[in-house]
């Protein structure tokens, strides 16, 4: 059964300690998790997709294993890039940011990413930011200079604890913009003084706007408290963003800010020479989520992301997306065969048990959960999903009792739901492939298949072959089987 009784206890690779550690929440049974969201000045890209899919699965697993999770994921809706883009387009910041917030939600829905419990916007939390900055100034770890307010990193003894960067070494090798207002080149801004043509808010230090780092500290502590369980994001945020968050929050509260820091690896793009390179607009290898969704179902992108361990670098290429689609096709083929026999597939809502049929490996679900408990090892979990699909195919080929077939199908649905995979109707999966909108409509395909079936019944093999070839030219693949002809798009 997929529930907390089968969990052997979660271990998490904690960036703070640089090792796997048993997960022990601060409050038994309850978990608070904050993940840094997107800066909404453009459409989200495949790197954003990885962060959101990874932490969506982590959230699902925490809930399935019995934890009462509060998941917070923010929007940065005030930032230098946002201001620049709004000015370029001659539109308000609110119009720009809301457009990309809406687009983000559409992209996430296509990827099967469930909404976070709380999705705060930075601009709606200015009072909390100002209060935190004021406390830091009162404690002597922040100072005002030239209309700005800065954090004095030398006054926080544990600066560098997350990234492992020693402050003296950073100063010696730092390539930072010269700012005469700073007491130390590594000091970072908490409040930016007002500039012409930029949004601004009144504050005790004059009109201006918040720095980037203070936003997450203020929102995290508001919704999860001065100390909480998990903080996550991409590896690129370890320094300086998350390092600065720790300095701000602990400098303000005097308490340990976060127990477990989780960071996913980078996304690299495989070039024509087969070499991995950093994804960037300048290299012309930049892919937005919606660009990819025009070519592949969102579930393909999700499977592709989860088929690598979240801490490993993720190599991106279209051939790898094709391999991901082929993997999902294998699972849906097994489910389609079961559906043809049973008439209807059993569903498994999250949280409900998924039973292992008699005679099957009784430890399959336990091993699946062990993989997920072991630092959220989704590639290994997917391997067990394939094992279940293999067992379903075997049960069908050996003409097992329909109850056994139904149980295996239910198990696949249950494991898949845990990962956000294999939840679609298998017929719809195969009929809504790439190019479905531009190609033959389903009704036309069904009509041609009916004509072909009549030709086959009349032993008119030439007509049967002609219809098959016509459909093949439209990217439609036919499979003749015991239960009739099934079709899918290439």
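Positions of Cβ are set from backbone N, Cα and C atoms, glycine also.
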### Message
Of the ranges 263-267, 268-272, 273-277, 278-282, which one does Swiss-Prot flag as motif ''KMSKS' region'?
### Response
278-282
### Query
Given 38-48, 49-59, 60-70, which one carries Swiss-Prot's motif ''HIGH' region' label?
38-48
### Message
Is it possible to get the count of other C-beta atoms within 10 angstroms of the C-beta of residue 36 (Zn(2+) binding site)?
### Response
22
### Query
Under a criterion of Cβ-Cβ distance under 8 Å and sequence separation of at least 6, what residues of the same chain contact residue 241 (Zn(2+) binding site)?
36, 212, 213, 216, 233
### Query
With the Zn(2+) site defined by 36, 216, 241, 245, which remaining residues of that chain have Cβ atoms positioned within 8 Å of the Cβ centroid?
212, 213, 215, 217, 220, 231, 233, 237, 242, 244
#### Entry: Tally of residues which DSSP labels helix, strand or coil - the motif ''KMSKS' region' (278-282)
0 helix, 1 strand, 4 coil
